[in-house]
């Protein structure tokens, strides 16, 4: 019977698997890494909090797509928390961690990344259902959306906890991977292949959306004389879809491939030299998601800008209240245009002019 090593610290497993913990990451190099990490995490926290607050505040967002969008923002917010925990438990500190603390560190990362990926899949399916039926929003009820959101987090938490539940190499050192020294190589193969399959499904769904929108755009241009907005909306949607696909491919594929190679025990692939950069690249998806899915939506951007603008103006009014007894500080006149697929919104925010022409999510 194999001996288990739950009482050992991580230096034991790192030495057994010849894993590089980068002891030289100290001094200026460590400070630079922490500064960049802190900046990205702050951006993740602030931007995704604004997305969630906008969905809660604006009744126009009380639809399935925006509920899922808010859940994606919550997943990305959680990714920021996981990365903060990682920053203070990596490098030379990794060797001093207990087995349970190391499982917690990796479990947070696995949970956050899985939640984001599954949420992207659900959003893609929701958009596909809506666009194929030529509707703004799908027919999902609030109960079904709530069930989907709960399911997303249940799957994510389960995937993050699987190694802790037993699929690890604490009792079989020969099966340990290099990147994750107490994860079994078989689990890394399973996890990376599963995520690559989900990634492939998302790509296929968006390709179908792209082809459908392109076909409808050609029909609209050839046989109708609709408004410019109506003809340009599908084009905007295609650009947004291609942006999503491009960001997703760039951020996720390298890390998943590296994990797969490690699971396959590729000793000549140099994965130790790139593992941290590919992890950072995957986490950057949490930075990009609010921009791609939210800021390009006119109404979403308008709501967030209104919250920031009005908050700033309110503070300014408090300072000037003794001199200016009555002032209208923030007035918005949102004008809803025609909604096709994702909608077109034009608005004036805090009396500072019209929003620029941005694409829709």
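Backbone N, Cα and C define each Cβ position, glycine as well.
Look at TrEMBL and you will find 30-53 (among others) tagged as transmembrane segment.
Feature annotation from TrEMBL assigns domain 'G-protein coupled receptors family 1 profile' to 47-293.
For 65-88 (among others), the entry in TrEMBL reads transmembrane segment.
The transmembrane segment annotation in TrEMBL covers 108-125 (among others).
TrEMBL lists 145-167 (among others) with the feature transmembrane segment.
Positions annotated as transmembrane segment by TrEMBL: 187-207 (among others). With a threshold of 8 Å between CB atoms, the same-chain residues lying at least 6 positions outside the transmembrane segment (187-207) that come near it are 110, 113-114, 117-118, 120-121, 124-125, 127-128, 159, 162-163, 167-168, 177, 179-180, 241, 244-245, 248-249, 252-253, 256-257, 259-260, 262-264.
Residues or ranges marked as transmembrane segment by TrEMBL: 240-261 (among others).
Residues or ranges marked as transmembrane segment by TrEMBL: 277-295 (among others).
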Touch test for the transmembrane segment (145-167) and the transmembrane segment (277-295), at least 3 Cβ pairs under 8 Å: no
Outside the transmembrane segment (30-53), six or more residues from its ends: residues with CB under 8 Å to it: 69-70, 73-74, 76-77, 79-80, 83-84, 87, 91, 283-284, 286-287, 289-291, 293-294, 300, 304, 307-308
Averaged pLDDT score, the domain 'G-protein coupled receptors family 1 profile' (47-293): 82
